[in-house]
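Going by Swiss-Prot, these are the annotated features:
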type	residues	note
COILED	212-272	coiled coil
COMPBIAS	25-38	compositional bias 'Acidic residues'
COMPBIAS	61-82	compositional bias 'Acidic residues'
COMPBIAS	113-131	compositional bias 'Low complexity'
COMPBIAS	132-146	compositional bias 'Basic and acidic residues'
COMPBIAS	243-264	compositional bias 'Basic and acidic residues'
REGION	1-189	region 'Disordered'
REGION	242-264	region 'Disordered'
């Protein structure tokens with residue numbers, strides 16, 4: 001054993017464990033050790049002394065860096081401001097750096113989460129304000145129409161909400177539905193029920209024909225008195241429209257009269273025990289035509305037949321295909 005005495009480190013350094021840095025030994029040292037085995041003891045002792053001194057120095061440096069009491073460290077730090085490479089740093093310094101970075105990241109996350117929570121709370125408050133304003137502006141539901149007694153008619157308001165669509169450029173007749181009064185206009189669909197309703201309405205409001213006749217007479221007088229050409233033309237068109245409607249209604253009344261007479265006869269035959277006979281559409285038209293020609297003179301009948309022939313011929317021509325052009329036509 002060598003007689004060299006080792007220096008004892010302080011008690012604080014003995015309690016602290018520091019892992020030595022691994023450094024590969026040069027090949028020359030290994031060869032010397034193999035050549036001189038007699039000097040192993042002395043070499044080991046000197047190396048142990050150097051390691052102990054390095055440990056003491058590193059421990060004292062770490063303590064000074066932790067406590068911050070040694071003034072010489074500030075001078076060393078000011079002198080060595082250049083960053084050291086990571087492979088030369090100790091594990092303690094790396095751990096401290098990682099802890100510091102983790103604290104910074106946690107602070108950033110907390111700030112972002114707090115900002116997001118504030119934004120969501122502000123959005124919720126704005127939504128609540130909007131809901132409150134909508135509920136405030138929302139009108140109360142309208143009261144249901146009431147009546148004084150169960151026999152009295154229901155009182156309804158004549159007010160109607162104006163449409164927000166600006167359809168002044170459109171044709172009102174094509175877009176807006178036209179309201180129809182069943183007393184004056186026949187229903188568009190001629191089903192069995194609508195036909196019955198039309199007959200009932202015609203019988204119930206037959207007195208309107210007298211009013212229409214008076215209106216036509218007033219129009220004739222106004223046409224004679226008017227001197228404005230445009231106004232006179234409008235009055236003539238209105239008179240012509242009313243006259244055509246009157247003639248069409250008379251034709252319908254005659255056709256309905258023929259059917260009513262046939263039904264009356266069939267009812268009497270059914271009472272006698274015979275089977276009912278229903279007229280076809282074609283037979284109904286024939287009987288209506290015969291009934292209209294009965295009250296006409298010969299010249300009137302000829303003119304009516306000619307008009308009917310031209311009408312049928314025009315319909316047939318519309319159904320025919322267009323003639324192909326030939327070389328002569330070119």
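Keep in mind that glycine also has a Cβ here, set from the backbone N, Cα and C atoms.
The average pLDDT the prediction assigns to the coiled coil (212-272) is 91. When DSSP labels each residue, the compositional bias 'Basic and acidic residues' (243-264) comes out as 22 helix, 0 strand, 0 coil, counted as helix, strand and coil in that order.
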